[in-house]
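According to TrEMBL, the features are:
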type: DOMAIN; residues: 151-424; note: domain 'ABC transporter'
type: TRANSMEM; residues: 498-519; note: transmembrane segment
type: TRANSMEM; residues: 531-550; note: transmembrane segment
type: TRANSMEM; residues: 591-609; note: transmembrane segment
type: TRANSMEM; residues: 615-637; note: transmembrane segment
type: TRANSMEM; residues: 699-725; note: transmembrane segment
type: REGION; residues: 743-774; note: region 'Disordered'
type: DOMAIN; residues: 787-1048; note: domain 'ABC transporter'
type: TRANSMEM; residues: 1073-1094; note: transmembrane segment
type: TRANSMEM; residues: 1106-1122; note: transmembrane segment
type: TRANSMEM; residues: 1162-1182; note: transmembrane segment
type: TRANSMEM; residues: 1189-1213; note: transmembrane segment
type: TRANSMEM; residues: 1219-1239; note: transmembrane segment
type: TRANSMEM; residues: 1246-1265; note: transmembrane segment
type: TRANSMEM; residues: 1296-1319; note: transmembrane segment
Amino acid sequence: MEGADDIYRACSLQRGGSSLWTNNVSDAFSKSSRDEDDEEALKWAALERLPTFNRLQKGLLATSKGANEIYIQKLGFHERKGLLERLIDVSEEDNENFLKKLKSRIERVGIDLPTIEVRFEHLNIKAEAHAGSRALPSMINFCVDFAEGLFNYLHIIPSKKKQFSILEDVSGIIKPSRMTLLLGPPSSGKTTLLLALAGKLDPNLKFSGGVTYNGHGMNEFVPQRSAAYISQYDTHLGEMTVRETLAFAARCQGVGNRYEMLAELSRREKEASIKPDPDIDVFMKAIATEGQETSVMTDYIIKILGLEVCADIIVGNEMVRGISGGQRKRVTTGEMLVGPAKALFMDEISTGLDSSTTYQIVNSLKHSIHILNGTAVISLLQPAPETYDLFDDIILLSDGRIVKGVADFLQEITSRKDQQQYWMRKDEPYSFVTVEEFVEAFQSFHVGCRIGDALSTPFEKSQSHPAALKTRKYGIGKTELLKACFSREWLLMKRNSFVYFFKLTQLTVMSVIAMTLFLRTEMHKNSVSEGGVYSGALFYSLALMMFIGMPEISMTIGKFLSHSYRQLSGWALTYYVIGYDPDAGRFFKQYLLLAAVSLMASGLFRFIGGLGRSMIVANTFGSFALLILFALGGFVLSHDDIKKWWVWGYWISPLMYGQNAMVVNEFLGKSWSHVLPNSIEPLGIEVLKSRGFATDANWYWIGVGALGGFTILFNICYTLALAFLNPFRKSQAVISKDSESIKPGVTGRATPLSNRGSKHRDDTESISEANNQKQKGMILPFEPHSITFDDIKYSVDMPQEMKNQGILEDKLELLKGVSGAFRPGVLTALMGVSGAGKTTLMDVLAGRKTGGYIEGNITISGHPKKQETFARISGYCEQNDIHSPHVTVYESLLYSAWLRLPPEVDAETRKMFIEEVMELVELNPLRQALVGLPGVSGLSTEQRKRLTIAVELVANPSIIFMDEPTSVVCTIHQPSIDIFESFDELFLMKRGGQEIYVGPLGQHSSQLIKYFEGIDGVDEIRDGYNPATWMLEVTSLGHEASLGIDFASAYRNSELYRRNKGTYSGIKHPCSWFKGTSSFLRIAIALIFGTMFWNLGSKTKRKQDLFNAMGSMYAAIIFLGIQNSSSVQPVVAVERTVFYREKAAGLYSSMPYALAQILIELPYIFTQSLVYGVIVYAMIGFEWTAAKFLWYLFFMFFTLLYFTFYGMMTVAATPNQHIASIVSSAFYSVWNLFSGFIIPRPRIPVWWRWYAWICPVSWTLYGLVSSQFGDIKENLDTGETVEDFVRNYFGFKHELLGVAAAAVVGFATLFGLTFIMSIKFFNFQRR
């Protein structure tokens, strides 16, 4: 459908002859918009003579020296910028004319643009959810859910989940070339409807009805490419700039049918001798050219969305300073607009944007939709009247039904709380009009009837433009997708260069350690036991490759492959220094084998990451995979001692093939071919047989081939996991037990129109009584305070990306001498366009900035501000809704109130106050809902915002800052008239961080209007116009430039400013304020260990028996410990972000928080140790004495404890979880090497023996082995007693058991204290 030029030939209207194409032609196309000269005409004539393909690769670009021929692919940044400046100087004014020129050029030669008509009929979407506390992820609920799911699948019992409707019998038509506004209160089903229309609905939802595009069902084309859904969640890579983010999106989405359309357009123009405007021609050729790293389309969208000011600044995230929230929302919108999709479904794109910017963006979209025949459904929250007027059609949803004025009225008219104000029958008492009645009224209204009639006539498929719907899954070829992804990964590697330098340094250090530990002058080849040390060194080489691959779980796709060979080159240096067989062929064969293991490990951990889909789950199963691979690899437990029920695991372990190939390559070499006295076989064969390894030389190539096969298999499985597995959970509905009988979104009682007689009076009285009760409320006493700030300046170091653009200054000033005061009893609105510095000012005043340079004075009730005490009397609702994801809504509020309310507020009063706040922000139905992670699980965006507000309100603050609480109750960015005029004063800022109006609003905003209309050149406000929108429009940078006015200077020279300065100095006030799943895994690991090492603990006849028993201890220590450490890291990383917010809010200090984190782990780890210890101790068959059993539990408990504390410590001491994972894995490798299992302590060279004494794992192994075997007097088959062998070979002395116990306690204490100190002194949040 997409690849042929004749699409446009076949589908164009038959308009007669070429005369139809040349009549009524705009001057812009009949000749250049600039004066043509002979040279330009000759150049154009030369272009016209080229074949179509070549003609589309070149264009004429205007420069200061005239028009030059250029290659479209080689357009530079400055050339693209100049082109757009000529085409669209001011986007608000020039974009419409520009789009009309584009369309005129296309239509004049008889080409029709593709259109899409979307129809949806009788849509019913239902979801299932547990009610109340049954929805919480507790251990009991997990077990019950698992059992229920199994029985449901077998049809033994019905599902216990409650079913409710999200959308109910929804029908409609979305016409092309029309703007459709989707309105509705929170939780009305807007997002679900948009997802259904875009073909991105969660498959777990129950769906009935139909959605068609031009009469085609969703299975007849690829809806994800034919339409674009713009999410309300802003999910981006924080390390990339705005331009890089949009350029990558444009590159991946391709150009659609633009190239085919342009080829046909160029052919027809050539036939008709039409010369287009050169700039328009270059633009259209540029947006039709695939494979560009940065395109004109990207620059165009950046200009239209007003992102030029931040185009080269990184997007950032909650930990890294980047662009503002409003700018981030525009980036989310731009990611889809840069693509060729003809149908747009946009979900709450105005969040965080001021009303003026929202108007400009929607107006630009309107021009595009109307002129280029697009299709758009846009969901907005409380759009301003002028924005509302831009739309052609409206869909009003309430309780999942279409009920079909202005936006505020339409949303409030179906609300139980707001409907009464619109009651018109003054002679009758008010009674609630239900949604069902509105639905019936709409369906009987002529508009509803017309839609029904239209739907009854099917869309004629033959009328659909062949290029309208896409049938290819991707916008560009697989090779181009690979190039784009590789280019982005390379960029991210450079941005995260520390990670790779650290990993390279890690391997270099490990190489040096291994070389000096297994130094050839200390390594001999005269006995089987010495051969065992060599096999330990080989095993460690393989183990290191596996451990280096483990951080792949938390890293981005493809990064490991690009540097694995560079890492191996460092490890290759160890070959001759250690003293392996001095044969060049065997050296290269070992290198090849290590590379194969490295790639296999990379593929394995990528697959586990793709399968796990969550850091906690993936890390848990990653450790589990390491355990199985190592335990069954042939070294920890020899092949001869593997139980018959586990032999299958031996044969499918990739590490077994790597281990056998490794030892065969080494021990069949010449240096191991000599025969010892009293032996008939070469020493190498004896070493191999002693540990149960293969002795056939063919095993090397068998191992290499098997590892290659496993690498391919794991990468295929990883690809399939990405393709077919969805995230574990998404934002989910929560049903309150108190409202199970009530439909979602509906509360209270309603009386249908047909039954409004005798019950009117009772209903009215009950409603009035309820309202009176609510108005009484509950108020906790607090002392009012004022905050005054004078000449506040805030600057940051100039971003490197901006320096690269030629900016010479060292600092970027974000606030430029801002002054103001917020007084008790006065509600102040802080407003300004997106990027004006509103959040920055709030952060500075609230004391939340962690970097940058702050100047100026801030006083509280006349006293200098001290952050430690100020945090106790203030609240700050941040723009980012940061909450602990693992607690419920009620628990979040209880926790905040408990820590922030004064101690004299008793528990009962505290609970009553929480209930009052929950009622105020309508959180009661969500009481038992788990908060979850944004965009992943738990609460929706608007529910999360309400929780943010409630968390601060329950603290009963004297001063409260709310940064864009707009998504829910009111909007400071784009307030409706009623909301705007509910404020007492206004603090208005312009882009650049300067105030331009600070003062009272006045009745109906009279004083604000009077001030700005008093400035020469400012247009008067139109009747009925929103003062907030008018104010932002007349003070915009474009309006400033056209009037030649600096509003900041005008304010500073005004009488209002002088009056305010006098007021600030006089404000004082008497001040008194300065006075589950993981537990199952442990049981599974215990059972696996028990069955692997079944009854081996009771065998003490051979040295190999002791090696096997020690192997069980070693494997348990390493892998259970690493699993504990790695699984706690993502939890601590998430909670640390919450900690930064809560600490800044004055909930607690660092020490109690960190100590609580330490103490809460103790009972869990004790239970874990007890469960594991009892199972494993009994199954392995260690000696059943109280002392030995308790010693075993003791060492397991403190070992798991110090591993857990170590994982917590690495997160607390590093900027993010990825770096923590890499740092910790480096030490796992060193601890593994010096544990005493790979190389016994007495065999360690003296210059490294000191580290064996400070290695935590070596002390654990010391304690476990010496407590179990250090006092056994029985003889081995060699005649040596077990006690002597343990003492002589391993260096473990039973009498030093107490020292080992003290050491493991000491390490747990050390790591715990380091975690506490790191939490106290390190702050990696950048604001």
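Including glycine, each Cβ sits where the backbone N, Cα and C put it.
Because TrEMBL annotations are produced automatically, they should be read as predictions rather than curated entries.
Here the transmembrane segment (699-725) has Cβ contacts under 8 Å with residues 589, 592-593, 596-597, 599-600, 602-604, 606-607, 609-611, 613, 654, 657-658, 660-662, 664-665 of the same chain, all six or more residues outside its ends.
Distant neighbours of the transmembrane segment (1106-1122): 623-624, 626-627, 630-631, 635-638, 641, 1082, 1085, 1089, 1092-1093, 1096-1097, 1099-1100, 1172, 1176, 1180, 1182, 1196, 1199-1200, 1203, 1228, 1231-1232, 1235, 1237, 1257, 1260-1261, 1264-1265, 1268-1269, 1282, 1285-1286, 1290; these residues of the same chain sit at least 6 beyond its ends, with a Cβ under 8 Å from one of its Cβ atoms. A contact between the transmembrane segment (1296-1319) and the transmembrane segment (531-550) is absent, since fewer than 3 of their C-beta pairs, 6 or more residues apart, lie under 8 Å. Across 498-519, 531-550, 1162-1182, stretch 498-519 shows the highest tally of CB pairs under 8 A with the transmembrane segment (1246-1265). Counting residues 6+ beyond its ends, the transmembrane segment (531-550) has Cβ neighbours under 8 Å at 503, 506-507, 510, 514, 518, 523, 525, 560, 567, 571, 574, 578, 580, 594, 597-598, 601-602, 604-605, 622, 626, 629-630, 633, 635, 655, 658-659, 662-663, 666-667, 672, 683-684, 686-687, 690-691, 693, 1126, 1221, 1225, 1228-1229, 1232-1233, 1237-1240, 1243 in the same chain. Confidence annotation: the domain 'ABC transporter' (151-424) carries a mean pLDDT of 84 in the model.
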